[in-house]
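The transmembrane segment annotation in TrEMBL covers 51-72, 84-102, 150-167, 187-208, 240-263, 275-293, 305-324, 330-353.
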Amino acid sequence: VTVSNKPSDLASSCSFLQYSAVDSNPLSVYIMHPFWNSVVKVMPRWLAPNLITFTGFMFLVFNFLMLAFYDYHFDASAEGHTHVPSWVWVAAGLFNFLAYTLDGVDGKQARRTNSSTPLGELFDHGLDSWACVFFVATVYSIFGRGESGVGVVTLYYILWVVLFSFILSHWEKYNTGILFLPWGYDISQVTISIIYIVTAVVGVETWYEPIWWNFHYRDLFTFMILGEASRNNSLKHSSIYEAFLPFLSPVLLFLLSTVWVIFSPSDILQQQPRVFYLMVGTAFANLTCKLIVCQMSNTRCQPLSWLLVPMATVVLLAVTGLVTNETLLIYAWTAIVILTHVHYGVSVVILPFTQQKPPVLIMLNTGDYMAMW
């Protein structure tokens with residue numbers, strides 16, 4: 001534990017307090033930011049930025065839960081199944097756009113009220129990393145897993161593209177000190193919000209028909225997700241090993257979960273796709289949060305997360321058939337992953353706000369747990 005109250009020490013170790021981000025997307029620059037600037041002006045100054053962040057995140061969680069109730073196995077949009085009610089799509093579109101708006105407004109509210117903090121930045125980006133899985137899984141219900149939809153295995157790899165796209169931006173900041181926001185984020189958020197509303201009006205049957213020849217709307221959805229891109233910049237870490245160190249745990253998580261998918265005796269991804277996506281997305285968010293803490297505090301990223309050790313054990317038990325009830329295993333492991341991630345968030349973000357001590361820099365570096373007050 002390193003504690004410093006000296007201004008000289010703080011000056012040399014608090015480079016993470018400077019938030020540097022580049023957003024060059026024309027949609028964001030010319031349309032959304034002016035809109036967000038107007039929205040933030042009507043917000044009361046007493047409204048905490050972190051409450052705005054959390055509210056936006058909960059809109060996405062509510063969308064996920066709402067679609068889970070009406071389309072748990074992602075087959076409601078397929079022919080011959082009971083479709084999701086139209087009002088659900090309207091609500092999903094509104095909630096998704098509200099979540100997107102609040103995500104763009106929270107930082108502006110923080111600067112407006114002079115309440116910007118490193119913990120606020122961590123809270124914002126940490127919830128963004130977790131929101132990826134809720135966003136992708138909810139959108140999936142539009143097309144589903146039927147003949148006119150997208151297979152659950154395909155969606156699994158699409159989810160990984162989204163997750164790696166997200167962490168790539170923070171990996172760039174870890175190596176360059178600047179967060180480059182991908183263009184695909186704003187475009188996908190606005191487009192999907194509109195698609196939800198359109199689905200409520202025309203029905204999911206519209207997406208059955210091809211756009212042209214054998215090119216379906218599901219293919220357009222896939223290309224839109226895969227179209228997210230990042231920008232390359234010079235690295236501040238001279239060692240290639242140090243530069244790519246943050247990718248070790250995410251890649252291992254990908255390999256472990258993919259081994260489970262491929263060698264599952266009961267084909268667990270086909271049986272419980274929603275829970276499996278949630279497990280993967282939550283575990284990935286946990287790894288991403290630790291990278292965000294490292295790039296904010298300018299500290300070395302830990303090469304391996306302890307969460308992967310029990311994960312490897314769970315996968316081994318599943319693929320070898322030592323645990324015959326894979327459904328029970330995935331539910332139990334998902335619950336553990338969620339509780340672990342929530343515990344990490346509370347330890348790193350929530351508890352510091354309860355401290356009544358004067359401002360002080362505290363770096364806790366005990367393997368996976370690294371926090372700053």
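Numbering starts at 1 and runs along the chain as displayed.
Note that Cβ sites are derived from N, Cα and C of the backbone, with glycine treated the same way.
Whatever TrEMBL says is automated annotation, not expert-curated.
Since the structure is predicted, the reported quantities are computational estimates derived from the model, not experimental observations.
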(request) Establish whether the number of Cβ pairs under 8 Å between the transmembrane segment (305-324) and the transmembrane segment (187-208) reaches at least three, counting only pairs separated by 6 or more residues. (result) no
(message) Please report, as numbers and ranges, the same-chain residues at least 6 past the borders of the transmembrane segment (51-72) whose CB is under 8 Å from any CB of it.
(response) 43, 84-85, 88, 91-92, 95-96, 98-103, 105-106, 109, 120, 123-124, 127, 130-131, 134-135, 137-138, 141, 144, 274
(message) Counting a contact as 3 or more Cβ pairs under 8 Å, with residues at least 6 apart in sequence, do the transmembrane segment (240-263) and the transmembrane segment (187-208) touch?
(response) no
(request) Kindly say whether the transmembrane segment (84-102) and the transmembrane segment (275-293) touch, using the definition of 3 or more Cβ pairs under 8 Å where each pair is 6 or more positions apart. (result) no
